[in-house]
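Student: Supplied in structure tokens, the structure appears directly below.
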Amino acid sequence: MEKLLIEGGRALNGTIRVSGAKNSAVALIPTTILADTPVTIGGVPNISDVKMLGDLLEEIGGKVTYGQEEEMVVDPSNMVAMPLPNGKVKKLRASYYLMGAMLGRFKKAVIGLPGGCHLGPRPIDQHIKGFEALGAHVTNEQGAIYLRADELRGARIYLDVVSVGATINIMLAAVRAKGRTVIENAAKEPEIIDVATLLTSMGARIKGAGTDVIRIDGVDSLHGCHHTIIPDRIEAGTYMILGAASGGEVTVDNVIPQHLESVTAKLREAGVQVETNDDQITVNGNRKLKVVDIKTLVYPGFPTDLQQPFTTLLTKAHGTGVVTDTIYGARFKHIDELRRMNAQIKVEGRSAIVTGPVLLQGAKVKASDLRAGAALVIAGLMADGITEVTGLEHIDRGYENIVDKLKGLGANIWREQMTKQEIEEMKNA
């Protein structure tokens, strides 16, 4: 196991390139199951979640190859509806997309209940409601979801809560169903449009992706195609916040600026200079920071995935700011770690109250989930002294080559192997 060491206090300057979107990739890869011929996906990020999904597709008979320029080619022609009740499937939150894709192609699936980041209750009841409306019989047996259907028929499905995962999963199950499916109160995230674009290129008939009503007319079969993933707006937002935190000038390259309007607006409100053009955003962090309040909302609101990194930034602002997470109320595990670094933060219900400015101090901290990891890396870069971050496996799930990318901006950051004693101490902590 490795740990990350960061020497803080340096202003970061330069250009950092964003990879393909993790939250798209983990849905696009299972989508390939629905095709009869090979699918090529370009811009695939080199992260552990992607590798694990590729391995899962091979477990069910797919052939997965990695080509030039971050390309992944999936040949789904020999796939079978093999049950996946245990193993890798349980380590990966996004493995639930295998349910919709396998149900759509094979009319049956057995998928172990997924893991990923532990952010409190993240139920899949809306997914199941959608599958049942399409005609599937769904049971939960010994920690695995069993899905079976004689046939899938289009239905009108109203989501009780706006859910990206449920919206995508129902789309996957519905594209080869008989008749029309209408998803109402659908999520509008860019990643949903990305999945719909791939499905349409494969021959699906989908209208309304990116709005709150999606209409799908089922087709008998889908074919292979070539698709390029959208840039990762969460990775881009992380580096925008990092630029503001470090006091230098950082240009974030390969972005779609309209996907980041909520983040841009909040940074500007905090007094950060932000300039956007077609596919780049430049953040200048050398001004005094004003305090702002953040409230996470579904897209196009402020993303829950950037709440933790922004909380770190607020330790540098003058005054008291409130960060409220309306999406995942349990997403505050990074706060205790930031407190170890001298941050003045208290948690009340779904809100973190941040008082600044304080100079963060280097410390030994542990990432408990992916975006907490990003928050702690930013904290380490802001802090006085050396910060040691463990729990790197969480960061590697969602950030491609983060060490090399940050070194390119002038950060002093490196990985080291942990000793046996350190690993034991971490497990017992």
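Going from the start of the chain as shown, residues are counted 1 onward.
From the backbone N, Cα and C atoms, a Cβ is placed for every residue, glycine too.
Swiss-Prot lists K22, N23 with the feature phosphoenolpyruvate binding site, giving sequence analysis as the kind of evidence. What Swiss-Prot lists as UDP-N-acetyl-alpha-D-glucosamine binding site is R93, R122, P123, I124, D125, Q126, D305, I327, and the listing cites sequence analysis. Residues or ranges marked as 2-(S-cysteinyl)pyruvic acid O-phosphothioketal in Swiss-Prot: C117. The active site, proton donor annotation in Swiss-Prot covers C117.
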Student: Out of N23, Q126, which of these binding-site residues shows the lowest number of other CB atoms within 10 Å of its CB?
Tutor: Q126
Student: What is the interatomic distance between the Cα atoms of D305 (UDP-N-acetyl-alpha-D-glucosamine binding site) and K22 (phosphoenolpyruvate binding site), given in whole Å?
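Tutor: A Cα-Cα distance of 12 Å.
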Student: What's the number of neighbouring CB atoms sitting within 10 A of the CB on K22 (phosphoenolpyruvate binding site)?
Tutor: 25
Student: Which is it, of D125, D305: the one of these binding-site residues whose Cβ has the most other Cβ atoms within 10 Å?
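Tutor: Per the Cβ count within 10 Å, the most buried is D305.
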Student: Whole-number answer please: how many Å between the C-alpha atoms of P123 (UDP-N-acetyl-alpha-D-glucosamine binding site) and N23 (phosphoenolpyruvate binding site)?
Tutor: 18
Student: By the DSSP assignment reduced to helix, strand and coil, which category contains Q126 (UDP-N-acetyl-alpha-D-glucosamine binding site)?
Tutor: helix
Student: Cβ distance under 8 Å to I124 (UDP-N-acetyl-alpha-D-glucosamine binding site), same chain, sequence separation 6 or more: which residues?
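Tutor: In sequence order, the residues whose Cβ lies under 8 Å from that of I124 (UDP-N-acetyl-alpha-D-glucosamine binding site) (at least 6 apart) are Y96, L113, I145, G165, A166.
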Student: Which residues in the same chain, at least 6 apart in sequence, have a Cβ under 8 Å from the Cβ of I327 (UDP-N-acetyl-alpha-D-glucosamine binding site)?
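Tutor: Listed in sequence order, they are T296, L297, V298, T304.
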Student: Have a look around P123 (UDP-N-acetyl-alpha-D-glucosamine binding site) and count the other CB atoms within 10 A of its CB, chains all included.
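Tutor: Looking across every protein chain shown, the total is 10.
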